[in-house]
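What TrEMBL records for this protein:
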type: BINDING; residues: A:C81, A:C84, A:H85; note: heme c 1 binding site
type: BINDING; residues: A:C233, A:C236, A:H237; note: heme c 2 binding site
type: DOMAIN; residues: A:209-358; note: domain 'Cytochrome c'
Amino acid sequence: MSKRQVVLLATAFAAVAVFSTLSFLLVNTAPQGKPLKNFTAPFVYGRFAIPPDNPLTEEGVELGRRLFYDPRLSSNNQVSCSTCHQQSLAFTDGLTGSVGVSGKPLAFNSMSLANLLWGPQFFFWNGRSDSLEQQALIPLQHPDEMGQDLDELVQELEQDTTYRQLFRIAYGGISAETIAKALASFQRTLVSANSRYDQFLRGEIQLTEQEEWGRKLFMAHPDTKASLRGGNCIDCHSQFLTSGFNTKFDGFINNGLDDEANLSPGLAEVTGNEAHRGVFKTPTLRNIAVTAPYMHDGRFQTLEQVLKHYNGGIKPSKTLSPLIAEADNLGNFSDGKISLNLREEEAQAIIAFLHTLTDETFLTDPRFSNPFSDKAK
Amino acid sequence: MTITKFIPCVACLSLLLACSQAPEPAVADFNSEKTQGLVLLSGLPALGTKDSLAIVELDPESAKFGEILYEYELPEFDAPLHHLYYSPSGRLYATGLGTQCSLAEVKLVRSASGAPAVNDVDCLNTHGQVVGEDIMWHAVDGTQYMFVTFMGGTGLDQADGGSVGVFNSQNNELVTIIEARKSVVGEGQPYIMYPHGISAYEDRMVVSSTVHPDLATGVGNAVTVIDLNTFEPIENIITEEAKPVGFPSSPVEVLFVRPSIVAGAQPAVLVNTMFGFETWKIPYNAEAKTFGTPEKLYDGAAAGTGVPLEFYGNEEELFISHAIPGVVKRYSLKDLPDLVSSGEDIQAELGAHHMIFFETASGRKLIAIQNNLLNLGNAQDNDPTDVDFIAKLNDHSVTVHDLITGERLGAVNFKAKFNKGIDNIEALFGSGFVHHH
């Protein structure tokens, strides 16, 4: 080996060493994300907890927003999270079953992503995901949704300077885990708190007579002995302003969509408990007027159809919620038909109230919009 | 003359020592905010501290017991904020003992970490009404109002002042002022004077006549009945017998016992008299809408207690605080409006006043009692606002007790620890009680 060759070899080794060190530092730098500023959430919705290992940071949220809207997260680079979770529809997609990379409609309706801060566990209609971080990677890999291989995705993102920088600052590097953390962080900031009902709660406006009547019906369980008429909504939708429940499987119920023979597995698919057949997560009602179609399988196209279901369409089964089975404004339990027996004008009042839950600010908030769109740029 | 001269013997301490088996902890699902108290703190002039609203940990099992978890410095007003109330829709309000901010809405939010924080304290336009005391939300003919007692009425210069402000419970705007000064309405006519306590049932409201805010000009001895159909006072009922300190009885807090509190209860008004040391019952005939002859249920001078103050209730019991010697007496809720003891007194400290109820992660049911009458200064500290007899009823502490046994599990002395007095306590997570008047 000539002297020149030795020098070249030594230089090459040195270059590799420097590159390796730099790469190591780039990939493994300690996160330096700044705590998220100018973020407040309504106190009245109750407490929420952010995972200690994934605090909300400016960079983490920005990163999550980019990832959320980036079609490169799918195997064909055409489907992003926002394909099935569109801001103008309160992060739903208006379809009975969402359509991803396979082109096959899914069996389930896209869920709204509003106010996930207050429903920190048991995501998806059947509660199969324990955390937002865990949830984030499931549709990414699902063959019908985004069909993405996570290792390939990490490699793909490594090629993007912006992602490399943001990931380094926010989380120290790119990995499946940090992708999930970023997506979860962005979704946690999707706070909807300026509907007419929020403004009512803050004392800023009055509801109309019909809306107020609907509110009262919404909040009441019918009691014929006390001459109290009610829509029985609050029994299951006690967390209707947020997106879930804190305690165990609270909020998972069978609302009588199917009879015994046709019950879907629902929560039983997760727990293995027969008593959970046909039991699904009670969704938020925030922005419900823009999140049609309704129910876990999107079987109802309108709120009128939903009310009609509770007003005579309930199918009995072993796991039907007793709160629904026992709710009857006429007390006609003996006729074998389960129905709220609401009057038409009462159903309309409830629907009017539900419309007060639409939050136009949320639906158009630029902080939640597509960062790749011309408008955002 | 000081009230402390008349402090009777302290009742013997006899705690119930029955042990309770704590249920299995459910720490994973436990809401830690249930053990946090929201406290109004007063800066003590001689100690260089300022008024604030703070969140304090009150779980004796917590390593952070007694620590201030969050503090919001309040603007400087001419007197402290004194009472906190959550509205039925979860909005937080405070009344103030001064003229600059006698009624305020406190805007609570949560930060990015989920921690509660105060965003703003919005002093409301009371249209000249000063020295706010108690708030009650009550519906009249289907419309809900926020009723507020103003002990100073529409001016501290009025020797017989006092008013009840009726506010729109949505936008906080004043609807009307219920005012009927003795000197204006004439002899023998129903009046409102120095109103403090407030309670209502259907279309009848009662407010107490306590003491002029300067604590010198005058003292009341009656409650006023207000017809909510007309927002007019229609009757005064005197609740006074012995005068153990030589002053009029000074009715303070009132509680209209009604079916919504105790199913099937015969409606009646309970009245604590601050200087009479007594608790009275005024029967009410809901059909005839008439009040009966007042009956003295409890005589503090005879029983060794003084300055009865607050009525608080949970699902099973009614609790009455007595600033002297610093005890909380407990009564069976189902036996109301009669006072049937449900257990031994909870031994707090001088100035026993407001209270909250909560449960710890281990499932233990607790009561926290604020032991402080009023933070108006102390001669020993060279405070310019000293009112000596009140200073002697200020222990400046919150004592935390097992609700079942009364055993004291811990105490936080705010003066010793933070150089501040404490004016009020409310549970951060909800009101911390079922009934409060």
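Note that Cβ sites are derived from N, Cα and C of the backbone, with glycine treated the same way.
Because TrEMBL annotations are produced automatically, they should be read as predictions rather than curated entries.
The two recorded residues A:C84 (heme c 1 binding site) and A:C236 (heme c 2 binding site) have their Cα atoms spaced 26 Å from each other.
Same-chain residues with CB within 8 A of the center of the A:C81, A:C84, A:H85 CB atoms, the heme c 1 site residues themselves not counted, are A:F68, A:S80, A:S82, A:T83, A:Q86, A:F91, A:D93, A:S98, A:S110, A:L113, A:P139. Cβ neighbour density within 10 Å is lowest for A:H237 among the binding-site residues A:H85, A:H237. If you measure from the Cα atom of A:H85 (heme c 1 binding site) to that of A:H237 (heme c 2 binding site), you get 22 Å. Each of the binding-site residues A:C84, A:C233, A:C236 was scored by other CB atoms within 10 A of its CB, and the lowest score goes to A:C236. DSSP assigns A:H85 (heme c 1 binding site) to coil, not to a helix or a strand. Between the CA atoms of A:H237 (heme c 2 binding site) and A:C81 (heme c 1 binding site) there is a gap of 26 Å. The separation of A:C233 (heme c 2 binding site) from A:C81 (heme c 1 binding site), Cα to Cα, is 30 Å.
Around the Cβ of A:C81 (heme c 1 binding site), 25 further Cβ atoms fall within 10 Å across all displayed protein chains. Excluding A:C233, A:C236, A:H237, which define the heme c 2 site, the same chain contributes A:F218, A:N232, A:I234, A:D235, A:S238, A:F240, A:T282, A:L285 within 8 Å (Cβ to the Cβ centroid), listed in sequence order.
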